[in-house]
Every structure is written in C-alpha cells, then in structure tokens.
Amino acid sequence: MARQTPRARQRCGSGAGRSPGASRRSAGGCCAGLDVTVVSYHARRGSAPRLPRVTDRYGTDVLSGASSSAHRRPTSTPTPAERGLVVEEVTTGWVGAVVRVEKSGGEHVVVLEDRRGRTRTFRLGPGFWVDGKPVELVPPRPTAPTGPKRTASGSLAAADQRARVAIGSRIWVEGKHDAELVEKVWGDDLRAEGVVVELLDGVDNLVDALRDFRPGPGKRVGVLVDHLVPGSKEQRIADEALRTVPAGTLLVLGHPYVDVWQAVKPARVGLTAWPTIERGTEWKRGILRELGWPAEEQADVARAWQRILRSVRSYADLEPSLLGRVEELIDFVTAP
C-alpha cells in the first residue's frame, strides 16, 4: 500500500479532488481510495511516465580523472646496471654513470660517477630513474663467451695462465700514470712473460739508473719516454744513455705527446681533440679546466687521471703512436 503524504491525507479527509469513479470503487477506506485514484490516473494515460535518459559523462567518481589508473604509482622496469648507463637516485638526486656493480656485505651495490668524477655507492634495486622513467637496477647480464678470450692488448689469453717468475730484463716508464696505463692494457701479457715495469721518476734519472742496473746479457732495458721528439731534451738524454751501456742492451722509445694522458683517444673523455695549453700553464691542470673538472689541488689531478684510466677498455682506446712503441719494448726485453 502506498505511503500517505500530508497532502494525500488532507485530500482524503476533506473529500476534495476525489472523482466520482474513485468513490464508487473505494471499498477499503481513505487509503484504499488513494491507491485506486493513483491506478486510475495512470490507467487514463496508458502507462507510467518515463524519465529522460541522461548519459553520465563523469562516471561514478567525478574526482577520479579520465582513468582509474591515473593515480597509480608508476611501476619500475627491471634494467641491467650496464657500465656507462646514466641513472638518477631518487632519494638523493645523485646523477651519475654506472662504473661497476659489486657485492658488499652480502648484497649487490652499484657505484655511480657524476660528471665531476665523484663516486657514490647505492644499493642495487628500485629507486632509480632513467630518462625520466622509474627503473629497478639489477645485476648486468653475464656475457656468454663468443670465442677465444683476449687480453686488453688484443693478445690471445692462455687458459689458466699464471704469472711467470720475473726475468732479468725490465721496462722503465717515466711516471706512475705511464705505469698504470701500461698495466691496464698490457698487464696480462707482461705477467705471462715475467716482465716487470718500474718507475723511472723522470727521464732526467735515466743515466744514473742505468749505471746502477748495469745492463748486459739477459738484463736488457726498454725505456718509454714522454715527448721524445727530435731536438728535444728527452732525445739528448736518450742519446747520452745509449753511449753508456753495451750495444743491444738498451732501447729507448717514446711518444710525441706532452703527457701520456694524450695517448688516450680524446673521445673517451668527451673531446674531439685534446686542447692546446698555453705555455706557462701546468699542462694537466690546464686540461682539467678545459674539461670543466676540478683542478685546484693535486688530489683533483689524481682523481681526474683515475677517471681517464677507467675510460680505457682496451688497446682500441689508445693512439697507435703509443701502442706500437710499447709492443716494441715488450718484444725487445723478451727476445731470447
């Protein structure tokens, strides 16, 4: 039975507005009469009135946006932490290239180097961005061997090669950076041959060092000199040294560069060519300023060299004018 509204009760009580037909059919009192009146009203018009259909343009939640996925947190894509990949660590904002992935304290960590050569270590996993998209850094995929293994110098690596006992002959280089570069590229070859590389601490010490070493049969010396060009001080010292030792026991070779840094192809540090530094300016610091790297302290120079050295992957990253000279020196000191 329909619920009576106040207006309906008023009409029932006063008898106003009641049709004769409704009075005759009303047998159940006032409320029954109301029901009959409603039925008769619809019956005279054929059917109940219909509301117009309205399309809901906004869905059930007008604040939800165009899609329910609009407020979902973006998912991180698993991405191998390959060397050279530039990423941003989201909590600190640190941006750097992947230098290496290693294990520390039982978990994988990634070392990132920024554009100034500074490094920081972060736990491998989510929390990084690449090209504005969230990623989860995972260990790089192991590369399957595709053929005979080669050393950084391009030589075939012998299986289970162990370092030989040092032979009597030596290779001398002018400074620490020269020695580290030779070790980076030719270290495996030198260990296999038993050749020791020693620091000369400047070509000015060559004659005195030869006097102490006393080259002879089975004790040859190969020397790598920076900026060995005709007419230079280095060339005059080399000529004097050759006159002080037995023939065939000393070989002095060099490259034309002011410093061994230039033997690294400039593209490895983002240059098209190594800059020319004005006379009176310390060469390495001048290079760092041209690169936009810190150059105030000696520690800045040391860090810069380590950054350059890390960029060298194999002999292909070095200039031919250095490659050939080092190969000649190795052949000379290992000859029977």
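Yeah, the Cβs are placed from backbone N, Cα and C, and that goes for glycine too.
Automated prediction, rather than curation, is the source of TrEMBL annotations.
Per TrEMBL, compositional bias 'Basic residues' is recorded for 1-10.
Per TrEMBL, the feature compositional bias 'Low complexity' maps to 17-27.
Residues annotated as compositional bias 'Polar residues' in TrEMBL: 65-79.
Feature annotation from TrEMBL assigns domain 'DUF3097' to 80-140 (among others).
The feature domain 'DUF3097' is assigned by TrEMBL to 169-334 (among others).
What TrEMBL lists as region 'Disordered' is 1-27 (among others).
The region 'Disordered' annotation in TrEMBL covers 45-81 (among others).
Annotation comment: TrEMBL describes 134-156 (among others) as region 'Disordered'.
Sorting the domain 'DUF3097' (80-140) by DSSP state (H, G, I as helix; E, B as strand; all else coil) yields 0 helix, 37 strand, 24 coil.
For the domain 'DUF3097' (80-140), the model's pLDDT averages out at 91.
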